[in-house]
Amino acid sequence: MSSPEQRSGDSGSHPRTGGKSGFGSSYVRRRPEPDTTGPGSADGARHQADRPHNAGRPRRSDGPGDGRGRDRDSHGGGRAPRGGRPPSDPARQAAYEAVAAVHRDDAYANLVLPQILTEMRLFGRDAAFATELTYGTLRLVGTLDLIIKEAAGRDVERIDPPARDAMRLGAYQLLHTRVPAHAAVATTVDLVRSVAPGAVGFANAVLRQITTKNWDEWIAEVAPNRDEDPVGNLSVTHAHPPWIVRAFAESLGGDMAETARALAEDNERPPVHLCARPGRADAVTLADELGGAPGAFSPYAVYLPGGSPGDLSALAEGRVHVQDEGSQLVATALSQAPIEGTDASWLDLCAGPGGKAGLLGALAAERGARVTAVEVAEHRARLVANATRGLPVTTIVADGRTAGTGELPAASFDRVLVDAPCTGLGSLRRRPESRWRRQPTDLPPLTSLQRELLVAALKAVRPGGVVAYVTCSPHVVETQVTVTEAARRSKLPIDFVDARPLMPAGMPGLGSGPTVQLWPHRHGTDAMFLAILRRTA
C-alpha cells in the first residue's frame, strides 16, 4: 500500500529522479532515478499568495501513542528487523529502514518506503506516522545533524551510520512531533539497540541533551547570525543548502523575507493534485465523486484530502492522472498560446513519464490535432504510451536534441513543449532527499542540455508556431539565462510571447513578464517556470 507521500505521476517537476528534473536523467547520468513523483498527502490546498507559515516547520504529528503498542487501525504486524536483531517499534523501524536506505543506497523515499510498509503490513496511523518520520527527517536532516553535533560534541560523520540515522529520527520526533519526550527517547534508544547495540548509551545521552531545548532554541544556538550571514541563517533555519537559498533569493529579486517563505513551504507536506482528463472527466464532478475539491487555478485540477490516488478507479479508467497543478497550467498555456495558421501537429520533446503528454493529448483530441511524444529512454517511453492510451498521441523513442531532422522534420510542428531535465529545485517539497543530493556542479551539464533541447525545438516548430520552455526549477541559470542563450544560439527570428495572459485570470504573483515563475508559497504549485517563444520566420 502506498503511503500518502509516495504517489506516482507527473507532479509537475520531473526530475528524472521522478520525472524530468534529475541530474541523473536519461541524458545526463549519475544515478538511476525513479519515474514516480511522490506528490504527497493532501492536507489542504494552498490557494493564497504569501500565506503565513509556522517558521517552516512540518505539521506536528502525535504518532501512534508512545510507539510501543500496535495501533488498532494498522491491520497487521511488523517484521523482525533484518539480521535477527530484536524487534523495535514497527512504525519507527519502517522509518529507520527507509532513511537508512536513502543514505546507504542512494534510494528514493517515495519508492522504498511504500515497499517497506507493504512488507511490514503497516496501515492506518502506523503507516502515516512512519511516513511523517521518514519525510520529516529527510527534509530537515542537514539542520538535525547540526543539532546532534552540538548535543554530542562531535561531528555526525564520526557516528556510525546506523546509530546516526536512528538518532536523526529521534531528534525529529523530539523537535517536530507531539510524541512525549520520554517516549521519543525511549523508543529511539530501543531502535538504536536493534541496529547499533554499542551506541545505546551514547544515543541516550545525546537525545536527552536534545530534550533540553525546543526547535527555536536549538536554531538560535546553531544558526549563523541573521544580520551577519542571512543566507547561512536561512539555510539552517529552513534546512536547505546555502547554494539553494542563494538561487531562490536571486529568483525572488533578493527579497530575503519572501525567500524565507519559499524555503518554509518546501518543509510543508505537499497536497495530492489530480488532473481530470479533458473530454473524459469534469473536475467539479470528479472532486465530488472522490471527496476532494476543485483546484484553485487549473480548470482540470482536483485536490484530494488524502488517501492513495493509485487506488482510484478513475485512475485505472483513464479519467484522471496525478499531476501537479503547476504542471497542468504550463501545458494548458502552450495549448492556448495564439498561433498563426494551422494547428494540427504538436510535439512534446521530453515526454516521460507522460503527465503533460496525457493532458496535451486530451486537449489535442478536442481540436482534431495530434501529438508526437518523444522520449529518449525506452522504459520511460513505455510509461508515456501507457499514459496516453486512447489519445491521439504517437510515442517515439529518440533524443530530443535531434528535433528538426529525420522523424522530427524542421519547421513541421505547430506547438512544441520542451519540459527540460533540470535540477528539480522547484519540487523539493515532494522529494525530501533531493535538496541534499543536488550540487551546484550539476548545473553546467544540465544547462548545456537544456539549451540544446530548446534550440532543437525552435528548429522543429514552423514559422508562426510556438515553443513552450518549461522547467521545474526557479534557478535563473536554468530559466532566464537558458532561454535567452538558446534563442540567441538558434540564429532564428524569435519573439517572446507574454505568458501571463495564458495563466488563469486573477492569478497573483506572476511578475512583470514575459515569462512566468510559479511558486509553492504563492500559488500552491511546484515552482514551475514557463517561457513561450514564437518563431516568426
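Glycine is no exception: its Cβ is also placed from the backbone N, Cα and C atoms.
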Additional site residue, D324, D414, D419 [criterion: listed by TrEMBL with C350, A351, G352, P353, G354, G355, K356, E375, D399 for S-adenosyl-L-methionine]: D419
Extent of the S-adenosyl-L-methionine binding site in Å [max Cα distance among C350, A351, G352, P353, G354, G355, K356, E375, D399, D419]: 19
Cβ-based isolation winner (fewest other Cβ atoms within 10 Å) among the recorded positions C350, C472: C350
Candidate with sparsest Cβ neighbourhood (10 Å radius) among G354, D399, the listed binding-site residues: D399
Rounded Cα separation (Å) that holds between K356 (S-adenosyl-L-methionine binding site) and C472 (active site, nucleophile): 13
